[in-house]
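Residues or ranges marked as active site, proton acceptor by Swiss-Prot: His287. Taken from Swiss-Prot, the feature Fe cation binding site covers His330, Glu336, His366. Look at Swiss-Prot and you will find Tyr345, His366 tagged as homogentisate binding site.
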Amino acid sequence: MHNPQHYMTGFGNEFATEAVAGSLPVGQNSPQRVAHGLYAEQLSGTAFTAPRGENRRSWLYRIRPAAVHGRFSLIEQSRLHNDFGGGPVPPDQMRWSPLPLPATPTDFVDGLYTMAGNGSPEAMTGVAVHLYAANASMHGRFFYNADGELLLVPQLGRLRVCTELGVLELEPQQIGVIPRGVRFRVELLDSAARGYVCENFGGLLRLPDLGPIGANGLANPRDFETPRAAFEQRDGAFELVAKFQGHLWRADIDHSPLDVVAWHGNYAPYRYDLRRFNTIGSISFDHPDPSIFTVLTSPSDTHGTANMDFAIFPPRWLVAQHTFRPPWFHRNVASEFMGLVHGVYDAKAEGFAPGGASLHNCMSGHGPDAATFDKASQADLTRPDVIAETMAFMFETRAVLRPTQQALSAAHRQADYQQCWSGLRAAFQHPPAKNTTSVLR
């Protein structure tokens, strides 16, 4: 699966790659005649005038420009959209079992299923959270998203994502990011695939600042991989599908748009193996805030507050003394959508299965279930807790995640989720009255 020669390493680097020698111009971007009869095309991911450290763009040298295709027409469908509803959002904690695998041939695009979201692509803020379940590769069709960049989190099955700028191979416990506007095709390397997608309408994903952690730790830049140039030259009757302003559109295209022979720049797909995350934790007491598990962050216009954080809860050792070691009970001004790629999440002993999901919106109380609380409260703290064979994650957003109607009414929603806390009984033992200073009456 890991083929280093197909990838270039580093996060946000200025890359240059060509599949045919001599295709990249030297010393300029747009020569009068590009080598080999190619076309020069710039793909901009930020404003031209964005600060240099945040500016993202790539120059593509391709067989045909991206403008060559037929007229778009609307695709009537109801599973993938930005309709997060104008009605009341229930403050309930919510949990879903895994999205069922399809019974009929379904590719990646047709298998996308919108769960929740906030903001909008036209405002360039917020996110949408989707699931996907597929059992077929994309044949004769290509997809791009004009609304946001896509963070793919496979849970079941390997994917081969063929993009304009090269090929990403993904397996569970890896993630892939497809920039806004990049065209791609998803091929299944196994009989079925399922996973999660965060569609980021806001600021481009980046590595979080490390502060006092120092120069190293969490997700290290060298572990991110960007594909080398790869192209195909195919003519035929194909379909180009676009997500634009919350709707799917289709156009006829008489060639494969994956025809970029060479490119240079810093706006490109990339992948990261979550097993390489350098986990930080307490070696004295207490459980630190979960921000220490942040892999990538999308900034907002409020300093210190993210549009979206992507955090993981990977294998780790818990050694804190005099401490309740699992994640504590919590009410959060942010909203948390969680998924499980592999194993068991250490705050939920039962009910949260790989492929499942939970949503704890702003100020909705959540935390370990009764079984986990009882076990951790009696644990022998002279021994470390080795949390192994797990990979949970969270999309955390500053704005409330509004669940879609299909998510609220889904057959795989767990109607009894709140019961996981029903066993948490009052154990308070009232001290003598002389030790009580104030009691509400």
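Cβ atoms are placed via backbone N, Cα and C, with glycine included.
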Could you name the residues, excluding His330, Glu336, His366, of the same chain that surround the Fe cation site, i.e. Cβ within 8 Å of the Cβ centre of those residues, in sequence order?
Arg331, Asn332, His360, Ser364, Gly365, Gly367
Counting Cβ atoms within 10 Å across all protein chains shown, which of the recorded positions His287, Tyr345 comes out on top?
Tyr345
Judged by the number of other CB atoms within 10 angstroms, which among His330, His366 is the least packed of the binding-site residues?
His330
If you count Cβ atoms within 10 Å of the Cβ of Glu336 (Fe cation binding site), leaving out that atom itself, what do you get?
21
Would you mind reading off the Cα separation of His366 (Fe cation binding site) from Tyr345 (homogentisate binding site), to the nearest angstrom?
14
On a C-alpha basis, identify the one among His330, Glu336, Tyr345 that is nearest to the residue listed as 'active site, proton acceptor'; the candidates are the binding-site residues.
His330
Hey, how far is His330 (Fe cation binding site) from Tyr345 (homogentisate binding site), Cα to Cα, in Å?
16
How big is the Cα-to-Cα gap, in Å, between Tyr345 (homogentisate binding site) and Glu336 (Fe cation binding site)?
15
